[in-house]
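According to Swiss-Prot, the ATP binding site annotation covers Arg29, Val30, Gly31, Lys32, Ser33, Thr34, Arg111, on the basis of similarity to another entry. Residues or ranges marked as region 'LID' in Swiss-Prot (evidence: similarity to another entry): 146-170.
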Amino acid sequence: MINTKKEEGEEEKTMIKRGLFILFEGVDRVGKSTQVQSLTNHISNVQKLPTKSLRFPDRTTPIGQIINQYLQNATNMDDRALHLLFSSNRWEARDSILELLNNGTNIVVDRYSYSGVAYSAAKGIDFDWCYACEKGLPKPDLIFYLSMSSEDATKRGEYGGERYEKLEFQKKIKQIYEEKLVDDQWKIINANRSIDEISNEISSIFDSEFKKIQLTSIAKLE
């Protein structure tokens with residue numbers, strides 16, 4: 001008779017550990033895209049783990065193309081309808097995000113639900129209404145909030161190229177982030193430093209936490 005009993009620990013070694021959902025948030029031009037790429041490279045090349053980067057809004061989808069036209073000042077739209085479009089853009093990615101995570105791929109994301117809520121609430125839309133649209137989406141495991149004054153962000157290259165890149169509006173967004181969204185589970189990163197200093201801090205946090213997060217279940221936004 002063939003012995004099919006597995007040795008203790010063998011099943012754990014062969015089981016695929018889930019991927020991590022890592023998110024970068026912050027006002028415009030604080031360096032999110034740069035740090036997304038840096039951490040993606042670190043996870044892939046140093047930790048040797050499968051990794052994919054995403055960005056919201058995803059402007060490649062039909063919904064994303066409508067959003068892009070708005071952001072480029074090509075169209076106008078009711079603010080509540082626009083918020084629902086942004087939220088729908090995240091919902092249409094839900095299944096692919098969960099599939100990647102369950103198959104062991106780490107996802108590093110530039111903006112997500114919190115950004116959508118902050119921007120819409122900064123226009124005066126009810127915060128709770130904005131957030132309700134996001135409930136049920138996959139919840140990030142690690143959130144890096146890149147902190148920089150709105151004034152300093154305006155000094156960076158290409159600032160002002162899109163509809164929302166206005167100083168007073170960015171100040172409102174920052175206030176909503178820090179008063180209603182950022183909590184003790186977010187990693188607040190001082191973005192007024194060199195790219196390498198920021199990258200090293202973020203990579204160090206990931207390295208110290210990813211193994212324990214792999215053993216947890218994927219949560220939902222509530």
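From the backbone N, Cα and C atoms, a Cβ is placed for every residue, glycine too.
Each residue in Phe24, Gly26, Asp28, Gln35, Val36, Asp110, Leu146 lies on the same chain as Arg29, Val30, Gly31, Lys32, Ser33, Thr34, Arg111 and has a C-beta within 8 Å of the C-beta centroid of that ATP site, without being one of the site residues. Residues Arg29, Val30, Gly31, Lys32, Ser33, Thr34, Arg111, recorded as binding ATP, reach a greatest CA to CA spacing of 13 Å. Mean pLDDT for the region 'LID' (146-170) in the predicted structure: 75. There are 23 other CB atoms within 10 A of the CB of Lys32 (ATP binding site), with all protein chains counted.
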